[in-house]
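Copied from Swiss-Prot, the annotated features are:
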TRANSMEM  9-29  transmembrane segment
TRANSMEM  45-65  transmembrane segment
TRANSMEM  82-102  transmembrane segment
TRANSMEM  141-161  transmembrane segment
TRANSMEM  163-183  transmembrane segment
TRANSMEM  219-239  transmembrane segment
TRANSMEM  256-276  transmembrane segment
TRANSMEM  294-314  transmembrane segment
TRANSMEM  321-341  transmembrane segment
TRANSMEM  356-376  transmembrane segment
TRANSMEM  381-401  transmembrane segment
């Protein structure tokens, strides 16, 4: 399916995703220990979970701009070094404020990842493969979340939660050195394969970034991605604490059980891009966005219903099953948001527009965890938080049907006709 010279790029990007969520999930797994050691309330813990997304969301956009200007390879190298160092710095936290600051800086480091992956895929692969490649590379993230539970949980119980953050830092720094040494920005055959690999627009076209930032297709794709991230951050940050605090599980049991949704998420994200590309090939006459919307709306709506009901069931097994299925359907859409941007944006702007979309989407990571902590403190239960996450995603999936459409026309001063209407 993919040529041998491109497989290392896929592997490195996949492993970057694994490390990304190994780092990011570690705090959630270690949260019961950290809360006790630093004497933090649920509201304070929610603010710490949210603080990550303050730096993360801002650098989603700035990282995308940097990947367009300085190249995805260099941008991702710097990002990995920064986030690995601040992952290790979590072990130095001595209170609420210090941990809050470290998590903001850690989020800044992780921010450029998705936009740089999107840019690298755009550099290396033709449009017919991009959703599949994005799905495969991004599937590393739920796998990282899956292995984070057992690894961090066992290390925290056997040694200390601080040790796990130092080990994860070392893994990230090793990846950064190998990435910089072995991966190229673009394939050597780019010139020969230019008609297949580059975006539909020609190099001479100058379409301003602001043209895309005002398009409903970009804005409502970002809104759907916001709903996706609201569910994801709810699961990522609070689900371990929900199992321990509301369901009464031990940290050891929680560490094992959290693997189940992540494994289904890994399968969903890896398969989602292939499903979208397959639907596209079968419905090509209806346009590429039709296939993206079919997968996105169906799966996001299903995820929303499942997560909403998960907070209402009486048994732990039922709640875990519904959350796991919700994560599976959620991750089936994971590659689609990026594929939509690939489909409607020219090559010169794809990193920046993707970063802008990701920035808007990840404000959910600022709002969601803090709001969940507040809801839990006020009500003493997670039920309302589950229902809010599901309701938001239902609304977003319906908005996609109405507003995500091909971008027809061109901004004033460009030469191409309908450059992004395919």
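Heads up, the Cβ atoms here are built off N, Cα and C, so glycines get one too.
Long-range contacts of the transmembrane segment (256-276) within the same chain: residues 29, 130-136, 138-139, 141-143, 145-147, 149-150, 153, 235, 239-240, 243, 249, 291-292, 295, 299, 320, 323-336, 339, each at least 6 residues beyond the stretch ends and with a Cβ under 8 Å from a Cβ of the stretch. Long-range neighbours of the transmembrane segment (45-65) within the same chain, counting only residues 6 or more positions beyond its ends whose Cβ lies under 8 Å from a Cβ of the stretch, are 24, 27-28, 31, 34-35, 75, 79, 96, 99-101, 103-116, 118-119, 233, 237-238, 241, 351-356, 358-374, 376.
Taking Cβ pairs closer than 8 Å, the transmembrane segment (356-376) reaches residues 42-47, 49-50, 52-54, 56-58, 60-61, 64, 114-115, 212-213, 218-219, 221-223, 225-230, 233-234, 237-238, 337, 341, 382, 384-385, 388-389 in its own chain, all 6 or more past its ends. Counting same-chain residues at least six beyond the ends of the transmembrane segment (141-161), those with a Cβ under 8 angstroms from any Cβ of the stretch are 17-26, 29-30, 33-34, 37, 167, 236, 240, 251-252, 254-256, 258-259, 262-263, 265-266, 268-269, 327, 331. Between the transmembrane segment (321-341) and the stretches 82-102, 163-183, 219-239, it is 219-239 that has the most C-beta pairs under 8 angstroms. Where the transmembrane segment (381-401) meets the stretches 82-102, 163-183, 219-239, the count of C-beta pairs under 8 angstroms peaks at 219-239. Through the fold, the transmembrane segment (219-239) approaches residues 24-25, 27-28, 46, 49, 53, 145, 258, 261, 296, 300, 303-304, 307, 323, 326-327, 330, 333-334, 337, 340-341, 356-358, 360-365, 367-369, 372-373, 376, 382, 385-386, 389-390, 392-393, 395-397, 399-400, 402-404 of its own chain, all at least 6 residues removed from its boundaries and within a Cβ separation under 8 Å.
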